[in-house]
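The structure appears below as structure tokens.
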Amino acid sequence: MQFEVIAKCHTTRARVCRMKLAHGITMLPTFMPVATQAAIKGLTPQQVESLGITLILNNTYHLNLRPGIKVLDEVGGAHKFQGWNRNLLTDSGGFQLVSLSKFTNITEDGALFASPFNGEPTMLTPEESISIQHSIGADIIMQLDDVVSSLTVGPRVGEAMHRSVRWLDRCIEQHEKSGRKDKQNLFAIVQGGLDPALRDICLDAMIERKDQVTGYAIGGLSGGEEKGGIKQCADRLPSDRPRYSMGVGFAEDLLVCVALGVDMADCVFPTRTARFGVALTFKGPLNLKLGKHTKSMEPIDKNCPCPTCASGMSRAVLHHIVTIETAGAHALTIHNLVFQARVMGGARDAILEGRFPEYLKSFFFDYFGDTGYPEWCVNALRSVGVDLMQGVDVPVS
């Protein structure tokens, strides 16, 4: 990886970076669409690439189950398997320790899963997670971490944090002896729940291992909580490494995280909400299932360059087919991915041009001006010098 900080915001901790990986350049900050099982639902890899997207995410746990490592090894990795020519990141399978907890038993050795497909037991160790990601061939790979829900309290949070550090050491050892360090880049994951003291302990340990990892992820903070934990991590993580906030996808979350110093984020939200008939716009989400769109011949957004809007596809026809015909889900998925790219691309441009605080104020006024600003957004942005309330009369909720 070649990583370079190109510009910094004069007020917040936002920055623009250039990240060069084996499959090309990705400009940061960026949003990564999630292709869980080697596909973004409803789109071909060529369609995704045509939207200007340069980095997507695959899921280690699911690709290990299907198609399996034997197939991936035989075809030469997940890039070739799915026909994706740009950069690829794989998570480690750690999140499934939470999302599939009824199938999982955690020990110091690793996580014992019962396959949700056939019930067969599978042990995922830190070493096995790294080996699977080597077979997948992702440009960025993640350590296996012990994940707990952000709502968890008590000794289990500290146990998971300390275990994540020990597992990182095992992941580093497995990666270093593989001979793949020049092709695949290992990221550490900071854990610690909502406990600042535990986060600091984890940060100390992860930063000590800086020379053995290429970047850092912030884990366990995607549940809609206040962003103090994100700020704590971003403030302390090395400035010459990418910072990745895992599982963040709402536009307001993305921009707050960027302001706090985060470079990368991923989430299933924009593609999943498309399948429920919701288009993302700079005026807020647009529920196309509502009857008020029955006769509207307007596009979702006349200023949007996505193929759905640029072709003139109307809200009326989308209302007619959405959640019924797959074409509706495809059209909204394309639009929503372009929306996410426009939000982050707009942030990059604003940082480069020295107007990022103004960009934040304009975005939040357009997005929330009619309904009220989320209080946590106001507080988080004030912590980095941006007052959304200055000069506007908008309620806070």
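Using N, Cα and C of the backbone, Cβ positions are placed for all residues, glycine too.
Bear in mind that the values here come from a model prediction, so they are computed numbers and not experimental data.
The domain 'tRNA-guanine(15) transglycosylase-like' annotation in TrEMBL covers 12-366.
Within 10 Å of the Cβ of Gly94 (substrate binding site) there are 27 other Cβ atoms, across all protein chains. Residues or ranges marked as substrate binding site in TrEMBL: Asp91, Ser92, Gly93, Gly94, Phe95, Asp145, Gln191, Gly220.
The Cβ of Asp91 (substrate binding site) has Leu57, Asn58, Asn59, Thr60, Tyr61, Met142, Met246 as same-chain neighbours under 8 Å, each 6 or more residues away in sequence. TrEMBL lists Asp91 with the feature active site, proton acceptor.
Look at TrEMBL and you will find 247-253 (among others) tagged as region 'RNA binding'. Beyond the region 'RNA binding' (247-253), the same-chain residues lying 6 or more positions past its ends with a Cβ under 8 Å from any Cβ of the stretch are 31, 95, 222, 227, 262, 265-270, 280, 339-340, 343, 363-364, 367-368, 374, 377.
For Asp266, the entry in TrEMBL reads active site, nucleophile. Proximity of Asp266 (active site, nucleophile) to non-local residues of its own chain (separation of 6 or more, Cβ distance below 8 Å) is seen for Phe31, Met32, Pro33, Val34, Leu57, Leu89, Tyr244, Met246, Gly247, Val248, Gly249, given in sequence order.
Sorting each residue of the region 'RNA binding' (271-275) by its DSSP state yields 5 helix, 0 strand, 0 coil. The feature region 'RNA binding' is assigned by TrEMBL to 271-275 (among others).
Per TrEMBL, the feature Zn(2+) binding site maps to Cys304, Cys306, Cys309, His335.
Checking each of the binding-site residues Cys304, Cys306, Cys309, His335 against Asp145 (substrate binding site) by C-alpha distance, the shortest gap belongs to His335. Recorded residues Gln191 (substrate binding site) and Cys306 (Zn(2+) binding site) have their alpha carbons 37 Å apart, per Cα-Cα distance. The Zn(2+) site, placed at the center of the C-beta atoms of Cys304, Cys306, Cys309, His335, has further neighbours from the same chain whose C-beta lies within 8 angstroms: Pro299, Ile300, Asp301, Pro305, Pro307, Thr308, Ala310, Ile334, Val338, Phe339. In this view, Gln191 (substrate binding site) is surrounded by 30 other Cβ atoms within 10 Å of its Cβ, with every protein chain counted. Counting only same-chain residues 6+ beyond the ends of the region 'RNA binding' (271-275), those with a CB under 8 A from a CB of the stretch are 33-34, 40-42, 285, 323, 329, 332-333, 335-337. Here the CA atom of Cys309 (Zn(2+) binding site) lies 36 Å from the CA atom of Ser92 (substrate binding site).
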